């Protein structure tokens, strides 16, 4: 429901946008957001009532409907935030502006509207006092005229001339009494409203003091949060450095794991080689026995060689004696000797290899 019906004579005289807050009714210290985003806040002037209001609507919800009185005060609590108290609404409104210039314009307009409301109130009081004075003067004049007529006139004159005049004066006197009673009731109402305004002003002063104390408290909380934020940032930087060290350590561990796998593979290969060497070591005694048998055979062959050499010498003697008969035999014998020398060399080399193998083992 809009607070300004279309048929109303209220017209906007100043409009701006701001975030709207209300004081927490339970604590009277914390601010409660009345709008989720910046909304339109306008000053309205009612020409019929000669009054001013601050009105703000968020969608279909009226979040500000505050009639400005001369006792209200708009206070700047920061560069972009201001507040005022409304005793009729029993709350404190706060506005957060995008810039300091908008806050200054709103505060200046508030002061202008406040002065206009004060001037309108003074004029209405003057009218009430004037009407009250006229009523009192009329009330004082009526008895004197009646007294004059009763003193100067006779009973016949009173009967002939005083009847209609007295009735008129009585009716006027009744009207004046009603006006005087209304003015008295208005005075009482103004006194009651003045007392209410004084009490609300005292409450607002207390609320402002509490607000100032809460501001100091929030400033301290902000400083503490800022220090804690700085500490957390330094801690985050330390943790990031530790994370970097941990990542480097993980890379080193991965490299070590790969190296360990390579070493395990090499160890397996070495174990296979060792197993083969063990098997070969088991074959060595057999090879040594074979080597001994070959050595015996070599010795036997050497002895045979000696015998053959003796036979060769004998044959040579026989050959020299019978050159003509053994020419072919000599050639065959020479070939046989060449082959035998090769075999002897091979046996000699084989013997040296076996001896070297035995020494190495």
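Every residue gets a Cβ built from N, Cα and C, even glycine.
Between the stretches 120-172, 173-225, 226-278, TrEMBL puts its region 'Disordered' entry on 120-172. Each residue in the domain 'WH1' (5-117) has a pLDDT score, and their mean in this model is 88. Assigned with DSSP, the residues of the domain 'WH1' (5-117) fall into helix, strand and coil as follows: 18 helix, 54 strand, 41 coil.
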